Every structure is written in C-alpha cells, then in structure tokens.
Amino acid sequence: MSKTRGGGLLRIREGGHARVTYVELFFDLVFVFAITQLSHGLIGHPSLMGLLETGLLLMAVWWAWIYTAWVTNWLDPERPPVQIMLFLVMAAGMVMTMSIPTAFEGRGLLFALAYVGIQVGRSLFTAWSVRHDRGLRLNFLRITAWLSVSGVLWISGGLLHDEARLACWAAAIAIEYASPAAGFWTPGLGRSKTADWTVEGAHLAERCALFTIIALGESILVMGATAAGLEWTPVVAASFASSFVASIAMWWIYFSFTAEAASQAISHSDDPGRVARIAYTYSHLLPVAGIIVAAVGDEWVIHHPVGHADPKISAALIGGPLLFLLGGVLFKRAVFRIWSPSRGAGMAALLLLIPVSPLVSPLVLSLLTTGVLVLVGGWESLAIRRRGHQLRG
C-alpha cells in the first residue's frame, strides 16, 4: 500500500507492515457473537431450509466483516474518526447479530436495516475519508452504488415472509457477491481495477487468520459446553476427544507455512488486489463455513455417539471438513497458482465416507473424518519440510 496522499485518514506506509490494531480486535468481538448465533441456529434447525437460511446469513455476516477488513487495510484504525465509524458498525452489528435467530421470522426487517446500514454507511464514510484520492473515492462510490441496489432487496425482503423473503435476500446476496468480480461497474463512474487496489497482504492475511480463530473458538465452545452437560461415559469422552483433535487438525492445516507465505506472495504479486479478492474475499468463506458446520456435527456426535449416524450427522461430519479443505484448495490455487494434492486427496477420502456413513455410528464416523484431517495435516507438514518453502503439499 502506498503512502497516504492528501493527509486524510489513510494509513501511512513507508514500506512497513500494517499491523492489526487493538480496535480491530475489539471490533471482531461482535462477530464472535455472530458465529455463535449462526452455529446455534443450525443446531436448532437441522433441515435443508435451515441450512439454506443459515448459509445465507453467514454470507451476509462474512460480507459485512470482510468489507470492513478491506476498509481498515486502507484507513488508519488509530485515527478517532475511523474508530468512531468502527464503533457505529459494531453497534449495528450487534443489532444484526441479535436478529439472526429470528431473521426469517419477526425480526427480518431489523436484520436487513442493520445490515444495509453497516454496508452503505461504512462505504459512504470511506468515500468521504479518501476524497483526496480520486481513484479510491470513485472505487468506494461504485461500491456504495452496488450496496444501495442490493440494500433495496434486503429491506424489501424484510417486509416479506417465508420463501419470498429467502428469494429476495438470495438475490441481494447474489448481487453483492457478483459486484467485486464485475469491478463494481457503475454507469457514469466506470469500473474499478484490481491493479489500482493498494493492498497490504500481511494485514489482510492476519485479519482473515483471526476470523478463522474466531470460528475455531466457537467449535471449542460448542464441544466443551455440550460435554460439560453430559455424564462423562467412555463414548462421550471419545466423541469429545475426536472433535477436539479435529479442531486441532484444522488449525494445523490452516496455520501451516501456507498462511504465513500467503501474505508475502500477495505483496509480491503483479496484481495483489486481484489475488486478495479471490483468496480472501471469496475463497476464505469456505473454511469458515466448514468449521461452523463441523462444530454443529461435534455437538450432535457428542450428544448421540452411538447407533447409526442419521443423515444430518453424516452431512455435518463429512460436509464440514469437506468445505474446509475445498476452501484451502481454492486459496492455494489463487495465491500460489498450484493445486494442493494433500487437500485434494483428503476431499476424495471424505467423499468415499458418504456410502459408509449409514453403516457406522456417529462416533466411528467422527473418528474417520478426524483421521482424514490429521493425515492431510501430516502430509502438508512433511511436504513443506521435505521441499523447503516451495508449498507443494
């Protein structure tokens, strides 16, 4: 990222690393609550409709967070006006998060208003903050235009009910997820070019890593709270141990050398904005979703470790790690232009467990999926150690 121009609220860089500030960590606490609400919502509504609704809400929560992470990649969070903006986003985020359990019932409009307020309000503030930098100002005006269009659909959906609300919100989120790929093209304002996005790769990498820690923390809370309320029989203890090792394995896979090297690769890319957009804005949602789904599976398997695994338990125990590994494959491809054999093999192994899952108990299926994750982590570590820093795991 270049040095601040115009003396505004942009971070000043003289080739140094843009560190994550304490106010950014404080800001993330709202999203700790959001992840908890989402996982508990899926636990309470284990149906296809519940999955669709939770998935859509997760996409909205992620979009609010990642856009703010991009903004603080440009703006200096230690400046009072930026801090006030973050506190206001936190306040609206609390309203949005408290509305999650009944977002498809009585608090749909409240959720929509809070979400649109976050997205449009933050973007307008940023456009004002970078008004001395024509390129950045036009970029955020384009972003505001797209978010305003989708905002109409969010608010309209909040006034509707049931499937109509879901359809309206799905259209809104589709517009928002298409907008970066379209360069936020806006009549009269043109198109944003990723080559013009001055990105601090290390800052975005650290921010997304911290969000991953939030998701992993929720998995720890879920399995701990579930086991604490049960009699500690051998099968409950084994289920807890399997879930705990799975969380460790996901941490191991994510925070291997790849996570650290990604920030360096983005910084040295010819088009860091494009790489960061694919790797962090889009691909990074999949590992987060996978961790949340896996946490739901942990809760179910600790509660019901014996008997045959029903479809919902199988879907969570296999689908969670599958999403996690798929996100890693796409991330590595975006950043390093390589495919990950270890993650690909892990995904294949998980798919092979699908026909086996009705024949085994939830505990056995949990042990099998955990074993796959541990093997993937071991493969990656050995590959990195054997090939130095070439990242061919």
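Glycine residues also receive a Cβ, built from the backbone N, Cα and C atoms like all the rest.
TrEMBL annotations: computationally assigned, not manually curated.
Long-range contacts of the transmembrane segment (21-43) within the same chain: residues 50-51, 53-54, 57-58, 61, 65, 68, 72, 77-78, 83, 86, 89-90, 93-94, 96-98, 100-101, 207, 210-211, 214-215, 217-218, 221-222, 292-293, 295-296, 299-300, each at least 6 residues beyond the stretch ends and with a Cβ under 8 Å from a Cβ of the stretch. Summarising the annotation, TrEMBL assigns transmembrane segment to 21-43 (among others).
Marked as transmembrane segment by TrEMBL: 55-72 (among others).
Annotation source TrEMBL lists transmembrane segment at 84-104 (among others).
A Cβ distance under 8 Å defines the sequence-distant neighbours of the transmembrane segment (110-128), meaning residues of its chain 6+ beyond its ends; these are 60, 63-64, 67-68, 71, 74-75, 85, 88-89, 92-93, 95-96, 99-100, 103, 137, 140-141, 143-144, 147-148, 151, 154-155, 157-158, 169, 176. Annotated transmembrane segment per TrEMBL: 110-128 (among others), in sequence order.
Residues 67, 108-113, 115-116, 119-120, 123-124, 126-127, 130, 166-169, 171-173, 175-176, 179, 183-186, 189-192 of the same chain sit 6 or more residues outside the transmembrane segment (140-160) yet have a Cβ under 8 Å from a Cβ within it. Look at TrEMBL and you will find 140-160 (among others) tagged as transmembrane segment.
The transmembrane segment annotation in TrEMBL covers 166-187 (among others).
For the transmembrane segment (208-230), same-chain residues at least 6 beyond its ends with a Cβ under 8 Å from one of its own Cβ atoms are 20, 25, 28, 31-32, 35-36, 39, 65-66, 69, 236-237, 239-240, 243-244, 247, 250-251, 254-255, 259, 280, 284, 287-288, 291-292, 294-296, 298-299, 302-303. The transmembrane segment annotation in TrEMBL covers 208-230 (among others).
The transmembrane segment annotation in TrEMBL covers 236-257 (among others). Using a Cβ-Cβ cut-off under 8 Å and counting only residues 6 or more beyond its ends in the same chain, the transmembrane segment (236-257) has close neighbours at 209, 212, 216, 219-220, 223, 227, 230, 287, 290-291, 294, 298, 301-302, 305, 321, 324-325, 328, 343, 362-363, 366-367, 369-370, 373-374, 376-377, 380-381, 384, 389, 391, 393.
Sequence annotations record features per position, and here TrEMBL assigns transmembrane segment to 278-297 (among others).
What TrEMBL lists as transmembrane segment is 313-331 (among others). Taking Cβ pairs closer than 8 Å, the transmembrane segment (313-331) reaches residues 246, 250, 253-254, 258, 262, 278-279, 282-297, 300-301, 304, 339-340, 343-344, 346-347, 350-351, 353-354, 357-358, 362, 365-366, 369, 372-373, 376 in its own chain, all 6 or more past its ends.
Annotation source TrEMBL lists transmembrane segment at 338-357 (among others). Listed as Cβ neighbours of the transmembrane segment (338-357) (distance under 8 Å, sequence separation of 6 or more from its ends, same chain) are residues 253, 309, 314, 317-318, 321-322, 325-326, 328-329, 332, 365, 368-369, 372-373, 375-376, 379-380, 383, 391-393.
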